[in-house]
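Report on the following structure.
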């Protein structure tokens, strides 16, 4: 009996121990599950923070993308914000977090690898889009081309923005080679809203009935031009000087730049000529200040870039003036300190403009027998040598703009030449038949390459001839007079050399803007906040 009771007691004790043991096991399992869940939640929080930081946060914190000189043809340089990234000292990491570090690091590496793969895939898509989209008149955007109708493609806003990430870098792209594309989002301004355009360039206001001449943009073959952004350019020009030097085609471009920049200023009265002068072809020096940005956009009438003076003593009686081709012109006193210098010359270097009126060329104190082409070359060498010796490449960028094409048919400017019937750009075949390569361009390039060595990186030949060859429709033609004051232009005195504003000179300034961004010198290589 006693043995039975002892056995029963052992069974009770064993059962009680098993229950307690099971309870302990269940408790341990619960704790383990709780710790595992906590660790998982902690890991997810780290993952979310890392991924959010890696992708740059929400759209409200997107950073501008700026083109810089030296980038590859498919690369961009972005300036990402580091806001929201928190770095904690090691002393604040608890022992329980140490075990998670390896897992977190592995996850971050996975995310980076995934992002890298995605970026690579995106680049290939962009290149395919460029190659296919630039062979026709379509306009690239974030929407796949096959999802757009033809009318949608033609009417979309065009020109890559400086913050766009889906286009090739301008660096390495020959923006002078391309084609004209009709674009409903142009023009960039209207002459009636710009108080700075000469009356002879206000074709629409002077009665020109067709409007399409204002609606073409230049599309390079290998990249997209950034759409001109007046606020962006004005911010970059803050406290700077932009100087145009040359003939009346240079004034055409200068007035275009004033109109384009003025679109970024709400109160136009804060743009003024510092000496109170009004824009006129008879004023040789005009300086407009953008007061809100403390910058000036200046024009100096200097068609030869060398001094035109009285001939030396004892010259023949039929010699009325001379061009001193071994000296830079009077306007050179205004060149130092300019941040952007844009030159042009060539239209006046002809027998009609120089020799017919009794002009000759002079070197030192003596007249010479140079022809006008040879004299032009010597004058360019004089200009280029001055640039090599005097400009500061740390602060100044120089452009020599090429010859701006003229389109007289049936005669020249003074013999009944006309262009009033032109209402659309010429075809490739027309250009090959009608437009010859200007002899001036070769001499400009030769003078730059021969004389500018140390500062070559900031002096550039700017080709606008190639694009302008097509634009026989862009000239003032019969609409070069203020009809309210002077009446219609006579049929035999058409202007087929200067261009309507808005119009072709706006594209020259878009090319200038794009080149400055591609170079990336100084403020042109920095993101702008405005």
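Just so it is clear, glycine is given a Cβ too, placed from its N, Cα and C backbone atoms.
Check TrEMBL against the ranges 6-27, 28-49 and you find transmembrane segment recorded for 28-49.
Taking H, G and I as helix, E and B as strand and the rest as coil, DSSP gives the domain 'Trichome birefringence-like N-terminal' (172-224) the counts 9 helix, 10 strand, 34 coil. For the domain 'Trichome birefringence-like N-terminal' (172-224), the model gives a mean pLDDT of 96.
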